[in-house]
Amino acid sequence: MASVEVRSVRKSAALRPRGPGKLHPARSMPLDYRYSAPGAGAGRPAANGVGLRAPPVPKEEEAEVVGFEGDADSPYSSQATTTTTTEEVEEGEDKGGGGVEVDSAAATGAPSTAVTPRRLSPVGAGSPSRRDERWGDTSSYGARKKHRVFCQLPNGDWALCTVITTSGDESVLKLSEGKVLRLKTESLQSANPEILDGVDDLMQLSYLSEPSVLYNLQYRYSQDMIYTKAGPVLVAVNPFKKVPLYGNEYIDAYRNKTMDSPHVYAIADSALLEMKRDEVNQSIIISGESGAGKTETAKIAMQYLASLGGGGGIEYEILQTNPILEAFGNAKTLRNDNSSRFGKLIEIHFSTTGRICGAMIQTFLLEKSRVVQSAVGERAYHIFYQLCAGAPASLRDKLNLKKVDEYKYLKQSCCYSIAGVDDAQMFRTVTVWMMHCHCFFSIIAIMFLTALLIF
């Protein structure tokens with residue numbers, strides 16, 4: 001076991017930080033090995049003629065000061081303040097029953113080295129204020145690096161800007177259009193680096209805050225990339241226009257796994273594969289506010305599942321239920337021209353071979369009040385206007401139908417049509433699958449006549 005002698009001096013010497021030390025292999029020293037400081041001579045007796053060995057320094061007391069030259073703001077810098085404890089050993093004083101060897105060279109004024117054990121505090125320790133200042137205050141660093149941050153404008157919108165300078169608790173920011181703002185530093189939100197702009201999975205963002213998520217979705221939306229993953233969840237943004245992301249070419253690509261970008265097809269394919277592998281029923285839940293695109297997303301998922309069975313027969317019949325459900329359950333609102341006013345649960349049954357063998361559709365939560373009342377600028381259910389616009393002459397005479405603006409329930413909103421939608425053509429599409437269900441049209445006509453009654 002190696003021992004280290006501690007030589008005493010009148011005043012403890014301050015240890016200067018030095019560069020990172022080199023690693024050398026350690027070997028055990030002989031038990032009687034003695035270490036002397038330069039100039040003292042190894043193994044020489046003390047001035048009083050008696051050589052006393054100091055007790056071994058406990059392992060927990062051994063320490064080495066290592067300094068790192070670098071940025072003054074870094075907590076690892078050699079300028080960082082650390083709290084240390086230095087124990088002075090008086091000349092000739094006995095500590096813990098052991099002796100203290102006094103080098104004769106020290107008595108004669110010759111150079112000597114004092115090694116004093118010190119316990120170092122953890123990096124960044126010291127006063128709480130000092131520690132918080134070094135690790136919590138990143139504003140000055142952000143100003144030097146011209147970091148991007150998000151600031152909230154008076155109207156509530158988030159804006160991406162660059163930090164110009166930081167002074168105290170305020171920061172000077174520059175918006176993308178060149179406008180300069182001065183805001184509280186604590187109100188800013190860190191932005192992700194430019195390399196992460198437009199990532200297809202929100203889990204890849206370094207800062208997963210509200211403005212970061214919104215900015216990434218907007219970035220992708222501007223490039224017609226309306227689908228983004230958030231782990232196992234797919235986020236879809238309604239483009240309110242036709243985008244070239246669907247069709248047989250894309251269906252084949254996701255079926256053959258040649259494309260892995262976020263898409264409704266990928267979600268439907270994953271559900272089907274897990275159903276076959278685990279033999280457990282799978283569910284795809286589509287939720288969102290009005291106008292988010294839930295109805296279209298459900299139809300797209302059904303199209304992909306139906307295509308796996310060849311796109312004919314019962315698969316085709318399942319898809320043709322959509323026009324009927326939309327005619328009797330959808331209406332125009334101020335936010336959406338084809339808003340679903342009910343909920344639906346669609347069950348698609350697959351055989352052991354993976355082909356569609358049946359389906360069941362359950363509807364619930366129909367907005368019944370829309371039958372008799374609708375706000376200005378909105379419409380009642382589509383079927384009312386489709387019947388009045390597209391009914392053939394024979395059916396019109398049979399039901400004694402009038403113009404749409406002559407019915408009380410339909411004229412109160414002063415909205416009779418939808419831009420870009422042909423109600424007459426939509427009615428013909430519905431009647432193809434309801435040729436034997438004309439009784440429903442008779443019920444609608446009776447409802448119109450009931451509204452004319454005055455009690």
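Our numbering is plain: 1 for the first residue shown, then up by one each step along the chain.
Here the Cβ of each residue, glycine as well, is placed from N, Cα and C on the backbone.
Taken from TrEMBL, the feature region 'Disordered' covers 1-139.
Per TrEMBL, the feature compositional bias 'Low complexity' maps to 37-51.
Sequence annotations record features per position, and here TrEMBL assigns domain 'Myosin N-terminal SH3-like' to 144-193.
The annotation domain 'Myosin motor' is assigned in TrEMBL to 197-455.
Among the features that TrEMBL reports, ATP binding site is placed at Gly288, Glu289, Ser290, Gly291, Ala292, Gly293, Lys294, Thr295. Reduced to three states, the DSSP call for Gly288 (ATP binding site) is coil. Taking all protein chains in view, 13 other C-beta atoms sit within 10 angstroms of the C-beta of Gly288 (ATP binding site).
The transmembrane segment annotation in TrEMBL covers 433-454.
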Given the recorded ATP site (Gly288, Glu289, Ser290, Gly291, Ala292, Gly293, Lys294, Thr295), which additional residues of the same chain have their Cβ within 8 Å of the Cβ centre, ordered by sequence? Asn238, Asn336, Ser339
So what pLDDT does the domain 'Myosin N-terminal SH3-like' (144-193) average out to? 89
May I ask which residues of the same chain, at least 6 positions away in sequence, place their Cβ under 8 angstroms from the Cβ of Ser290 (ATP binding site)? Thr333, Arg335, Asn336, Ser339
Cβ-Cβ distance under 8 Å, sequence separation of 6 or more, same chain as Ala292 (ATP binding site); the residues meeting this, in order, are Ala236, Asn238
I'd like the Cβ neighbour count for Gly293 (ATP binding site), meaning other Cβ atoms within 10 Å of its Cβ, all protein chains included. 18
